[in-house]
Amino acid sequence: MATSNSKPTQVLLATFLTFFFLLLNNVNSSDELSFTINNFVPNEADLLFQGEASVSSTGVLQLTRVENGQPQKYSVGRALYAAPVRIWDNTTGSVASFSTSFTFVVKAPNPDITSDGLAFYLAPPDSQIPSGSVSKYLGLFNNSNSDSSNQIVAVELDTYFAHSYDPWDPNYRHIGIDVNGIESIKTVQWDWINGGVAFATITYLAPNKTLIASLVYPSNQTTFSVAASVDLKEILPEWVRVGFSAATGYPTEVETHDVLSWSFTSTLEANCDAATENNVHIARYTA
């Protein structure tokens, strides 16, 4: 009579079942994207560039054009992370929470005349720079496209203010939360330091639909913070790309927009009941 040792088979089966249930739990529990870029490299494979954005030989992400160390007029550029982010789930109704941090420098030849700032933003994966989006529009909007069709949420770091020309714009440099247009829904004054390294953190708390932006200059430990209620599910498509945009303006109103480092993490918690009803699925973005 043939005999066999069943212990290895039992161990193998137990290992398989453990792996299966871990995988099943992971699919049901969250959909996550996380990355950290401590130093940019030319021709960065993980980034998509639009306009005049580029990476310098020293590993700095330059969002607008710089020639011989000098910022140039009427320049606009974007840099986005190549992999799309699933910001909400059409099947379960769940919305992602995210947090991003980055260090940056804005430097102007004349600190009394600056233009125009930079922004972190979320937009449809195929979003492109609109025409006429230099200067105050930060490469995101123009004078005729401030409506819900944009599907853009941004946090602007605005260095230019011209309240006499644009009554909606605060009469101070500011951090603003933008929804589908350049007129911010909430702002806080920002005491910009010319050439200073700033550390910014932007967080979205999905359970209470709150977008929070804060900025600190390590050199003086002054913190600026603003928050607003934003329903990403009502504004953005299911999949987005995240990144930066910046623009300069008139010949004398220029500055550099340099990003030194960047990290991002998003987690989309699944609705287990809905996932069970609709069978387990692994999400993939298709263009």
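Cβ from N, Cα, C; glycine included.
For 1-29, the entry in Swiss-Prot reads signal peptide, with the evidence type experimental evidence.
DSSP classifies Asn90 (N-linked glycosylation site) as coil under the three-state reduction. Counting every protein chain shown, the Cβ of Asn90 (N-linked glycosylation site) has 12 other Cβ atoms within 10 Å. According to Swiss-Prot, the feature N-linked glycosylation site maps to Asn90 (among others).
Residues or ranges marked as N-linked glycosylation site by Swiss-Prot on the basis of experimental evidence: Asn142 (among others). Less than 8 angstroms from the CB of Asn142 (N-linked glycosylation site) sit Pro130, Ser131, Gly132, Ser133, each of them six or more residues away in the same chain.
Annotation comment: Swiss-Prot describes Glu156, Asp158, Asp169, His174 as Mn(2+) binding site. The 10 Å shell around the Cβ of Glu156 (Mn(2+) binding site) contains 26 further Cβ atoms across the protein chains shown.
Taking a C-beta cut-off of under 8 Å and a sequence gap of six or more, Asp158 (Mn(2+) binding site) has these contacts in its own chain: Asp116, Gly117, Leu138, Asp169, Arg173, His174, Ile175, Gly176, Trp190. Feature annotation from Swiss-Prot assigns Ca(2+) binding site to Asp158, Tyr160, Asp166, Asp169; the stated evidence is experimental evidence.
Counting only residues at least six positions away in the same chain, the Cβ atoms of Ser229 sit under 8 Å from the Cβ of Asn208 (N-linked glycosylation site). When secondary structure is read from DSSP and collapsed to three states, Asn208 (N-linked glycosylation site) falls in the helix class. Residues or ranges marked as N-linked glycosylation site in Swiss-Prot: Asn208 (among others).
Sequence annotations record features per position, and here Swiss-Prot assigns N-linked glycosylation site to Asn220 (among others). Asn220 (N-linked glycosylation site) carries neither a helix nor a strand DSSP state and counts as coil.
DSSP assigns Asn142 (N-linked glycosylation site) to coil in the three-state reduction, placing it in neither a helix nor a strand. Put simply, of the recorded positions Asn90, Asp166, Asn220, the one whose Cα is nearest the Cα of Glu156 (Mn(2+) binding site) is Asp166. On a Cα basis, Tyr160 (Ca(2+) binding site) lies 22 Å away from Asn220 (N-linked glycosylation site).
Looking at Asn90 (N-linked glycosylation site) and Asp166 (Ca(2+) binding site), their Cα atoms lie 38 Å from each other.
For Tyr160 (Ca(2+) binding site), applying a Cβ distance below 8 Å and a minimum sequence separation of six or more within one chain yields Thr114, Ser115, Asp116, Gly117, Ser135, Lys136, Arg173, Gly249, Glu253. Of all the binding-site residues listed (Asp166, Asp169), Asp169 sits in the most crowded Cβ setting, with the most other Cβ atoms within 10 Å.
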